[in-house]
Amino acid sequence: MIQGGSNLLRRLLIGSKLHNRQLSHETINKPKALAIFASDALSSVAYATEEILLVLAALGQLAFHYLPSIAFCIVLLLLTVILSYTQVIKTYPEGGGAYSVAKEFLGPTYGCIIGASLVIDYVLTIAVSISSGTAAITSAFPWLFPYTVYIAVFFIVVLTIINLRGISESANILAYPPYLFIFSMLSLLVTGVYRYLTGDFTPPVTPVQAHTANLGSLLFVWILLKAFAGGCTALTGVEAVADGVPSFKEPKESNAIKVLFALGSLSVILFGGISILAGWIHVLPEHGETLVSQIAELVFGGRNLMYYFLQAATAVILILAANTAFAGAPIMAAKLAAEGYIPRIFALRGDRLVFNNGILLLCAGAISLVILFHGSVHSLIPLYAVGVFLAFTIAQIGMVVRWNRLKPKGYKLNALINGIGGTVTGIVTIVIATTKFMAGAWLVLIAIPLLVLLFKKIKKHYSAISHELSSQNQSPYYVVKNYILIPMSSLSKPALNALEFAKSMSNEDTDIRIVHVSSNPETADKLRKKLEEKQINFELVIVESPYRELIDPLVNYIDNLEKDLKIGEVITVIVPEFVTHTWWHYLLHNQTGFLLRTVLLLKKNTIVASVPYHLKGM
């Protein structure tokens, strides 16, 4: 009954099972793919400009003088990465993106570095996106601010359930909100530009000299670099398209590239537009309210219908940005698992043809980060983007090696594109790691090599197991004699079943023994008489247990027997057990059989067999 109820709840939440032949239908078209894979990159415009201004705020009004230049550099960087990743998609249309490039052309270690970097970044994507979406909600409704963590955890769980239903169904549910966000942001930009050009906004004059005089040149450059590093979060999410190519409808490669270009175009327009508006209006971030919220309130003339529509759309897109990680990370994990770098269970598809173990691991990791950092976007951001830019850099270097090694037609131009991309993203990686190191990036820089070491250890384990289990050069397995032991406290129905099973295995080379662990001589005598009455003539071995233990005396007896075994002789322990009708009945009985089986499985020359007896329901 309990199991039936849990199965019903499971089906209600994630749907009925899907047949393997339905895998080809679990793909998505370009509009849905843009919504699923581009949500992360598009949503970052809601906080990328804010992260720049949080740093530039130290310059006062001079912040708005340098904001356009920093935003322009980030736009150029975004276009470079987009162009570089089209080469990755063309080269690896089966997916895997940066990981596949690095593993093939730079070696397994670099593949592991990218795998570790992206796994960390995907978890951070969920934590940052959900926290940002929650911040948009609490900006509109300040009374919800104390419940930030609870709201964020709730949204992570909801997204997890949606993704467990399968990518096709999750795309059907989540396809429309991103387009509402795009519409609302374009409305904000058009309205803001119109009001600025018609003279509605009159920002104060920027007192340039007053601030530069108080800053040393090195500190000034450091502030600009740190602001640039904060704004580079606008590029996160680009890699998800290359990783998720298998989820596209045919032609997969062409559709993925079109979505990547659409993502790039929209990101440039939205990020550039918000940065320009912020510079025109002269708005700086405030605690408890996002930059976009402040701009929207000024542009739309107060907290009216359009303001709340934009805030709702922003909250939704930020929450759905986490879905980019849910779509891309399980595919990446499946690749790592298939090659033996992480547990193989991550390569298995669940009832709904999704990699549900990867999805659940993402959920657990993201919830842990949200709780640990109290759902604070500004606390999570320093950890963000280091991993993804490291992956960008290694992928581009790998592509340069590929072009120079294979030398296909036009390889020099392609190598130049990827070379520029790798150089720029490499510099950005150093800038981000340096400027954000003390703010939390050191955690990621430590976690990545630790994960790589873990991947290597797991790979080594799987390789050793594969070699040991190989049937090549395996000598035949002969059993000369089998000592069958039946632990027995009394002559019950389960015990009789175990005896019958032992008889079915017996021959002239079989030695069947009934082993009774005795802490009470009367109980042992009673069992001996019962066996005589039933004319059961197998040897009865009495193992004394003056300290009333069951497992250890029996194991000691088996150890002593094992010492005298000759080549080809084995011990088989047949454990009689009863199976209760309900789970809570199971709790009412001791677990001697289970404990005994667990201990004996560690013994090299001992075979363990369980003979279950199913009790009738009461």
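Every residue, even glycine, has its Cβ placed from backbone N, Cα and C.
From a predicted model like this one, the values you see are computed outputs, not experimental measurements.
Positions annotated as transmembrane segment by TrEMBL: 63-85 (among others).
For 105-131 (among others), the entry in TrEMBL reads transmembrane segment.
Annotated transmembrane segment per TrEMBL: 143-164 (among others), in sequence order.
Marked as transmembrane segment by TrEMBL: 176-197 (among others).
Residues annotated as transmembrane segment in TrEMBL: 217-238 (among others). Residues 37-45, 47-49, 51-56, 58-59, 66, 70-71, 73-74, 77-78, 81-82, 85, 121, 125, 128, 260, 263-264, 267, 271, 321, 324, 381, 384-385, 388-389, 392, 428, 431-432, 434-436 of the same chain lie 6+ residues outside the transmembrane segment (217-238) yet bring a C-beta within less than 8 angstroms of a C-beta in it.
The transmembrane segment annotation in TrEMBL covers 259-285 (among others).
Only residues 6 or more beyond the boundaries of the transmembrane segment (305-332), in the same chain, are considered here, and those with a CB under 8 A from a CB of the stretch are 35-44, 46-47, 95-96, 99, 115, 118-119, 122-123, 125-126, 129-130, 132-134, 136-137, 139-140, 155-156, 159-160, 162-163, 167, 170, 174, 177-178, 180-181, 183-185, 187-188, 237, 239-240, 243-244, 246-247, 290, 292-293, 296-297, 346, 354-359, 362, 366. The transmembrane segment annotation in TrEMBL covers 305-332 (among others).
What TrEMBL records for 353-375 (among others) is transmembrane segment. Only residues 6 or more beyond the boundaries of the transmembrane segment (353-375), in the same chain, are considered here, and those with a CB under 8 A from a CB of the stretch are 18, 20, 22-23, 26, 122-124, 126-127, 130-131, 134, 148-149, 151-153, 156-157, 160, 163-167, 322, 325-326, 329-331, 333-334, 345-347.
The transmembrane segment annotation in TrEMBL covers 381-401 (among others).
For 413-433 (among others), the entry in TrEMBL reads transmembrane segment.
The annotation transmembrane segment is assigned in TrEMBL to 439-455 (among others). Sequence-distant contacts of the transmembrane segment (439-455), counting only residues of its own chain at least 6 positions beyond either end whose CB sits under 8 Å from a CB of the stretch, comprise 109, 112-113, 115-117, 119-120, 336, 341-342, 379, 382-383, 386-387, 390, 432-433.
Take the transmembrane segment (105-131) and the stretches 63-85, 176-197, 259-285, 381-401, 413-433: counting Cβ pairs under 8 Å, 381-401 has the most. Residues 34-35, 38-39, 42-43, 45, 266, 269-270, 273-274, 277, 280-281, 292, 295-296, 299-300, 306, 309-310, 313-314, 316-317, 320 of the same chain lie 6+ residues outside the transmembrane segment (176-197) yet bring a C-beta within less than 8 angstroms of a C-beta in it. Most Cβ pairs under 8 Å with the transmembrane segment (381-401) belong to 413-433, among the candidate stretches 63-85, 259-285, 413-433.
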